[in-house]
């Protein structure tokens, strides 16, 4: 048998150096050190692969490897120790001098076969110790797996919140630069209004940043509470089988179920409030042109890769939810400055912007980020998001009426304006494109 070929290892070779318990799902790193899989992932307080070995501190340049052989040895040794315990004289039935090979689930004790037939235990549920151990371990592992999946989801929320905080800081910094650029084009200069606008932006940024950090702390707290229950389950699963069987785990299992059902914090969605720029719409209206959207093309939309968009033939059916009819202007622009407005009131989803003129004349051509310059509003569950051609979300208040589009061909950029509030939504960087572009828009109620 396989067990006969495996030598009984020393105690220290079965012990995880992190939890100091017997290995559960042992894995080893390139340096050769071995740990419980979950202990390794929880080592840095984040459920992710550590940057270095907890024992020798060598960098972890690759994923760990599951040690199947050691896992088998752990099982065999635990089973062997259980049998040694049951065969020992001190643990035999005092009354009948027989081995206690039967487990009473009601009393949570080990019995010999004669005691199990006694009147005291006649109405109780009995099973062999092998079956009892298997069932107890299966239930423990089931609870552990449920919490582990929950922990991974919560860790994703933690990482998402941290990414959002970093992007928020970057977004506010970029927006401050754009606002300075916009005010610099106003005539006469509005230095005082610009400074007030930037001060308001920074104040809102700091307030939101504090809320983001509180949100992250709440999610981390919830994750840590789950981790505590998980580690209790893990500690119990590492107990010798004979001790595990007689433990009353009802309270631990109850807390595990409650922890798995607690609503997880979803994190916050930050938004910059629209701030009016004096004279903005008046200045832009000096470049106003009338755009006729008379033609239409077909867009094939890939929800997995939102900007993998294809031009389709006019006869293509619109039955598919991934296919949309998009209106575009009769004229393209390569020189000058132009401003127009698109009424998007009441639309749940819309896209407005410009795209390279040669691209529109193609057939079955995939859009790349260098072909199209847009602002897109999407409904994401219970909130709206604004994104640009690179698929990056912008944490800006959604406009509720007309959206103004300012195209500067010499500067090579396009800007979007909330007309009702005379505020800047966002602006592409100067030099983004140097080619003929054509206006387009798409809007849908659903």
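Along the chain as shown, the residues are counted starting at 1.
Using the three backbone atoms N, Cα and C, a Cβ is placed for every residue, glycine included.
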Residue from 60, 115 that Swiss-Prot also lists as binding Zn(2+) with 93, 96, 121: 115
Stated Swiss-Prot location of zinc finger, expressed as one of 88-129, 130-171: 88-129
Binding-site residues compared (93, 115) - the one with the fewest other Cβ atoms within 10 Å: 93
Binding-site residues compared (96, 121) - highest count of Cβ atoms within 10 Å: 121
Check: same-chain CB within 8 A of Zn(2+) site center, minus 93, 96, 115, 121: 95, 98, 100, 111, 112, 113, 114, 116, 118
